[in-house]
Amino acid sequence: MRSKKLWISLLFALTLIFTMAFSNMSVQAAGKSSTEKKYIVGFKQTMSAMSSAKKKDVISEKGGKVQKQFKYVNAAAATLDEKAVKELKKDPSVAYVEEDHIAHEYAQSVPYGISQIKAPALHSQGYTGSNVKVAVIDSGIDSSHPDLNVRGGASFVPSETNPYQDGSSHGTHVAGTIAALNNSIGVLGVSPSASLYAVKVLDSTGSGQYSWIINGIEWAISNNMDVINMSLGGPSGSTALKTVVDKAVSSGIVVAAAAGNEGSSGSSSTVGYPAKYPSTIAVGAVNSSNQRASFSSAGSELDVMAPGVSIQSTLPGGTYGAYNGTSMATPHVAGAAALILSKHPTWTNAQVRDRLESTATYLGNSFYYGKGLINVQAAAQ
């Protein structure tokens, strides 16, 4: 009898242990968060006076992790799981929760464009971009290149903190088209005396979070840049990105952005972001015969065209190479803006844009060509 009682007690104890173990596993499973993703959390304008600490608390209380709070955009970059996203969308202080999308460089493969946009006519008059600051918001610039004069910069890529290293080559190529030096070697840029600033927002694979791009644009605003070149883009819109682009333009900066390399798709626009925003100058690509490049994105948002096929420019390591893309067309426009500002330093960014667009050479249907090919000689009159 005693043996039977002992066996029953042992069985009960084992049952209790297994029950507690499985109960604990269930609690752990239930408490495990879903896959976290990167988001941008925007706060309502009525909450603009809310302290940074309070904004951080709003996100943290929902289980989110704040990565960065912006200076000119009433928003923060954060890592959130699905539950936190749902709860933040219900919070009365939150205006929006949007995915922190990834933008990619617009370059396809592996120049003449300087003459095609008539930049030498201004060079011969002594206007070469002096005293104009151009922010190249891209993958960094190889500052050791003998054909480039990089005056400063910053990196917003967490894993690649040196803005003067360019693992993708993209930013260095873009920089050369804007301002390769007039020094008898290599190539000549549109605006060879302009001051280049390397604002790194794309990593060595040519990709970058929208939040990195926002940080880069904020840096350009804070450091009083005159021109911003963005040879990058993504397919998704962003309230935060639009806000900071608009802020840059309202601060007096000329903003040129690549339209994209998505070609045309019937009557649908294929222009990417941020070029799609009205405040930017959206740039498409043509070849040396002024024919639209087959890869050049089309849409009603397209503003102007510039050379973007077989563009020879600087590459890391003191070398040179030819690339194709609206990424290569855009720096022709940024360089042209710098040339105009060197001749007319009191002109506003709106005046520069208007002159570039109103004097462009008509090439065809605006859906595919915008206002046409820029003519910086005419624009600077």
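Keep in mind that glycine also has a Cβ here, set from the backbone N, Cα and C atoms.
The signal peptide annotation in Swiss-Prot covers 1-29 and is backed by sequence analysis.
Residue counts of the domain 'Inhibitor I9' (38-103) by helix, strand and coil are 21 helix, 25 strand, 20 coil (DSSP-based). Residues annotated as domain 'Inhibitor I9' in Swiss-Prot: 38-103.
What Swiss-Prot records for GLN108, ASP147, LEU181, ASN183, ILE185, VAL187 is Ca(2+) 1 binding site. Under the DSSP three-state reduction, ASP147 (Ca(2+) 1 binding site) is assigned to coil, being neither helix nor strand. Cβ neighbour count for ASP147 (Ca(2+) 1 binding site): 23 (other Cβ atoms within 10 Å of its Cβ, all protein chains included).
For 111-380, the entry in Swiss-Prot reads domain 'Peptidase S8'. Across all of the domain 'Peptidase S8' (111-380), the predicted model scores a mean pLDDT of 98.
The secondary structure of ASP138 (active site, charge relay system), as reduced to three states from DSSP, is extended strand. Per Swiss-Prot, the feature active site, charge relay system maps to ASP138 (among others).
Within 10 Å of the Cβ of HIS170 (active site, charge relay system) there are 29 other Cβ atoms, across all protein chains. Summarising the annotation, Swiss-Prot assigns active site, charge relay system to HIS170 (among others) and lists sequence analysis as the type of evidence.
For TYR277 (Ca(2+) 2 binding site), the number of other Cβ atoms no farther than 10 Å from its own Cβ, over all displayed protein chains, is 20. Per Swiss-Prot, the feature Ca(2+) 2 binding site maps to ALA275, TYR277, THR280.
According to DSSP, SER327 (active site, charge relay system) is assigned to a helical segment. The active site, charge relay system annotation in Swiss-Prot covers SER327 (among others).
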So among ILE185, ALA275, THR280, SER327, all listed as recorded positions, which is physically nearest to HIS170 (active site, charge relay system)? Use the C-alpha atoms.
SER327
Please report how many Å separate the Cα atom of ALA275 (Ca(2+) 2 binding site) from that of SER327 (active site, charge relay system), as a whole number.
11
Whole-number Å distance separating the Cα atoms of VAL187 (Ca(2+) 1 binding site) and SER327 (active site, charge relay system) is 18
The number of other Cβ atoms within 10 Å of the Cβ of ILE185 (Ca(2+) 1 binding site), counted over all protein chains shown, is 12
Pop the Cα-Cα gap between SER327 (active site, charge relay system) and ASN183 (Ca(2+) 1 binding site) into the table, whole Å please.
25
Using the structure shown, find which entry in THR280, SER327 (the recorded positions) has the sparsest Cβ neighbourhood within 10 Å.
THR280
Give me the count of other Cβ atoms within 10 A of the Cβ belonging to VAL187 (Ca(2+) 1 binding site).
17
